[in-house]
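Participant: Below are the structure tokens for one structure; questions will follow.
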Amino acid sequence: MWLRYCPRFMIIRRQHIELSTSAQFVQQLNTSRRDRSHSYYDGVYHGHIQTTPFQKALLAVGSGVAALQDPYRHDMVAVLGETTGHLALVSLRDRMRNDPEGLTILTERPRIRLSTLDLKNMASLPDGSFGREYLRFLEDNSVTPDSRTQVRFVDDEELAYVMLRYREVHDLMHTLLGMPTNMLGEVVVKWFEAAQTGLPMCALGAVLGPLRLNARRLQSLFTSLGPWALRNGRRGRCVLSIFYERRWDQNLEDLRQELHIEPPPATLHPSRKT
């Protein structure tokens, strides 16, 4: 097994890797790391772990195996994305720079967290508004924007923010696409994101995710939802270039039209079943 060759920077117990809390993991991976301030973007950025290409390859393999065994291991999905996504992140960054709204996001670097959301105001918005439907998505699927993993293995500060922005708008993609967080909904979103972002992590999820679906949902994916997700992902405006925090009161259908996203061809209901 590959893990036998990297005992200095990864410990797996019962297939659980706690990257976010393991001080030993951080220390062993980054022996040359200097002390940094608590500002997220001072130095390279707070929390960054320097790794060699070989270490990144090992992390990519290990996290890919763990994520395949349990697609809800968001920490492993995060590591896989960071260690394989450099070229895609560069492309996404350039697309954001070439879009006035995207450039504003790169300049201001907003965050989507409970501490930055005015939940009371969002709850008062009319049904059908983007903010109200996003809040409904969070409630119906019992998810929170604070669950996103900190970026650690991207070796460029601006690209690290692009990856962070991608993670924090992931739930907004569910809202735009009308997809819940069950396995079929996640696979559909991954098909859309693979076409939109070019991130290898998304492509891998799009290819391997269907293996966990039953026959009925596979048919729905391949005949309806999948082609729809790919078509809209390819033709849609870059979803990272939208300042969603300033669009909560915009009608969801109007926002979809602006982004060239068609309404979903089927309605899925929240469920963890495959």
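Keep in mind that glycine also has a Cβ here, set from the backbone N, Cα and C atoms.
I grabbed these lines from TrEMBL:
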- HIS170, ASP171, HIS174, GLU186: Zn(2+) binding site (BINDING)
Participant: Tell me the Cβ contacts of HIS174 (Zn(2+) binding site) under 8 Å, same chain only and six or more apart in sequence, or just say none.
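Facilitator: In sequence order, PHE137, ASN141, PRO180, THR181, GLY185, VAL189 meet the Cβ cut-off.
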Participant: Determine which residues of the same chain, besides HIS170, ASP171, HIS174, GLU186, have their CB within 8 A of the center of the CB atoms at the recorded Zn(2+) site, and list them by sequence.
Facilitator: VAL143, LEU172, MET173, MET179, THR181, GLY185, VAL189
Participant: List every residue in the same chain as HIS170 (Zn(2+) binding site), at least 6 positions away in sequence, whose Cβ is under 8 Å from its Cβ.
Facilitator: ARG148, VAL189, GLU193
Participant: Could you tally the C-beta atoms, other than its own, that fall within 10 angstroms of the C-beta of ASP171 (Zn(2+) binding site)?
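Facilitator: ASP171 (Zn(2+) binding site) is surrounded by 21 other Cβ atoms within 10 Å.
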Participant: Going along the chain, which residues six or more apart from GLU186 (Zn(2+) binding site) have their CB under 8 A from its CB?
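Facilitator: PRO71, MET179, GLY205, GLY209 - these are the non-local Cβ neighbours of GLU186 (Zn(2+) binding site), listed in sequence order.
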